[in-house]
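According to TrEMBL, the protein carries these features:
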- B:46, B:49, B:50: heme c 1 binding site (BINDING)
- B:192, B:195, B:196: heme c 2 binding site (BINDING)
- B:319, B:322, B:323: heme c 3 binding site (BINDING)
- B:32-135: domain 'Cytochrome c' (DOMAIN)
- B:177-287: domain 'Cytochrome c' (DOMAIN)
- B:306-396: domain 'Cytochrome c' (DOMAIN)
- B:1-26: signal peptide (SIGNAL)
C-alpha cells in the first residue's frame, strides 16, 4: 500500500497540476454563473411533472400508459386508489421490484402528491383493442362483469366498479382503458397473494372465486369496451357496495 | 404559639412544594433522558433493522439475508415475554458493549455491537430508557435460518477473536472537541464502518482497514472508501456540501442512493446541526490524499473507443436532459456527473446499478419532494448500458475506466431490496 503510494508521487504531482488547472477553470465558470438568481435558473422545473420523470418511461408522460401491455394507465384514476397502491408498493405488500425500489424512501405526503398528480391528468383513453378470443368467451366475460354468477358467489364487477365501470371516489378504480394482459395479471396476483389490498381485501374474495377461464373472459371483455363519454370516477357514496372493502371506507 | 404554628405550616408547605419540585424535576429529567435516548437510537439507526416493513416499531422480525443464511432481528420493545421487558440497564449495556445476551450467550455480529461497543454507558442507559418508554409489542422472535455450521453460536467466538475489540470510544486529545464528537458518532452509533469497510471472507472487517470501502455482500452495492478522496473521501468537499449530503440526501457535489439513502432516511436526517457538522469535520479529516489512479481498463482499446462513442449517443439521447451535455447536471437535484467521485471509482457497480435501476434520493425534512431518475434496465441493452457508463466514467475529465457488457448484464439480477 505505502510502497504503491510512494511510487506514485510523480504521478500525483502531474495530477496536481491538472487538478489546479481544473480548479482555476471551475472558479471561472462559477464566477460567470454568479449568485442566487442564476442558481434558480439552473434548477429543474419546480413541478410535479419534472419530479415524476422517473415514472413516465413506464407509465407515459401524463400517465396514459405505454405500449407495454403490463404497464398500467394511471391517468384519471381516483387519487385515493393510486395513493393506496403507492403505499402498498412502498411497503412491498404489492410486488413489482422496480417500483418497490423507487418508492422505498419517499414520505407519505409526497406519495399523495404523486397520486393527485396522475389522478388529475386526463389524456384520452386508448382505442379498445380488437379481441383475440371467441364471441362465446366475450359473452361469458360480459355476463360476469354485469351480472356476476350468484351460484358461484361471484358478484357482478359493476356492483363495485360502477355501472359505467368508471370507478368511485376515493378508492375504487375504473376498469376501462386497461389491457387484457394487465387485468388478468392483476386478478392472478390476487389469487396467488402477491397483490393484497387493505383488509377486508374484497378483491381477493372476488378473485378467489374466479377460475382461469373466468379471468380470461372478463379481462378480454373489459378490454374491448369503448371509452365512455365521461370516464371520471363517480363521487363517494353514489352507490352501496355489496360487501365491505378496506380501501373504500364508508 | 400562633406564630409558631404558622411557621410550622409554612415550612410544611415549603417542604411539600420542595418535594413536588423534586418530583417534577425528576420527571423532567427522566423525560429528558428518554428524549435523548430517542435521538441516540436514531443516530444508531436501530429502526432500520429492528422494525419490519409495515411492522410495529422495534418489534423486530425483519429478515437480514447474509452469505450464511437469513437472520431475523429481535423484538426490542419492553414486552415482558417476547421483548426485552425483563432486562436491566446492565443487561442492555452488556449487549451494546460486549455483544452478549444477559446470560452471556454470544450475539451475531449482524447486530453492530462491534461499533456500538464505543458507545458510553450514559448513552447506552439513555437508549435503554427510551426503549422502555415505547409501547410493548407481543411478538415472538423468529428463529434464524442459518446453514450448518453457522447455526452454531460458538463460531462467533472465532470471529470475535479476530475482529472485535471491546472498548468505549477514547477521545484523541490532539483533536478538537468537534472532531472527537464526529468520530464518536461515525465510529460508534453511526456504525458507518459496517458497510464502508472491506468485508473479508470470514465476514469480518479489521480495524486497520476501517472505512476503506467494500462491496456489501448480498446487496451488490459498493460502499466506497471514506478515507480515499478517489472514492467517497470528502477531503476536498466543503463542510456545507457534506452536511447537506448527510442531512438532506442531496448536495452540490452528489447525491445518496441505494443503502446510503436508507441511512439518511432513517437516521442522519434526524441529527441536529451540531452533530452533523461534527461528523462532517471528522469525515473531512480522515480523508487521505488520493492513491494512484486505478489500473487501466482490461478492455482492448478498440473495443473501449467503440463503446465510448456509442455511449455518447446514448447519453445525449437519454441522460443529457437531466445531467447536462457536459455532465454539469442541475445540482443538487439532478446531480452533476462531471467530477463526481461516486462514478469514477474503480468499482463500477454503483453507476451501472444507477443506470439499470434509477432511483430517488430519500425524502427528508430538508428535501421532502426529491426528483427521481428512471430505470433504464428495460430500455437499454447490456451493450448500451456498458457504453453509457463507460462514457460518463471517462468523459469531461473523469478518471474512471470503461466497463464491459458482461458486468452490466451480471448486475441485472442484483436484488432490489
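Including glycine, each Cβ sits where the backbone N, Cα and C put it.
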Simplified to three states, DSSP reports residue B:192 (heme c 2 binding site) as coil
For the domain 'Cytochrome c' (B:177-287), the DSSP helix/strand/coil residue counts are 55 helix, 9 strand, 47 coil
Binding-site residues B:46, B:50, B:319, B:323 vs residue B:196 (heme c 2 binding site), shortest C-alpha separation belongs to B:46
A correct count of other C-beta atoms within 10 Å of the C-beta of residue B:322 (heme c 3 binding site) gives 19
The DSSP breakdown of the domain 'Cytochrome c' (B:306-396) into helix, strand and coil residues is 45 helix, 6 strand, 40 coil
If you tally other C-beta atoms within 10 angstroms for each of the binding-site residues B:46, B:49, B:319, the top scorer is B:46
Row residue B:195 (heme c 2 binding site), column other C-beta within 10 angstroms, all chains, value 23
For residue B:50 (heme c 1 binding site), the nonlocal same-chain Cβ neighbours (under 8 Å, six or more residues apart) come out as B:58, B:59, B:60, B:62, B:73, B:74, B:75, B:76
One should report the C-alpha separation between residue B:49 (heme c 1 binding site) and residue B:195 (heme c 2 binding site), rounded to whole angstrom, as 14
The domain 'Cytochrome c' (B:32-135) resolves under DSSP into 44 helix, 12 strand, 48 coil
Candidates B:46, B:319, B:323 (binding-site residues); nearest Cα to residue B:195 (heme c 2 binding site) turns out to be B:46
Rounded Cα distance in angstrom between residue B:46 (heme c 1 binding site) and residue B:323 (heme c 3 binding site) is 35
Students should find that the Cα atoms of residue B:192 (heme c 2 binding site) and residue B:323 (heme c 3 binding site) sit apart, in Å rounded to an integer, by 29
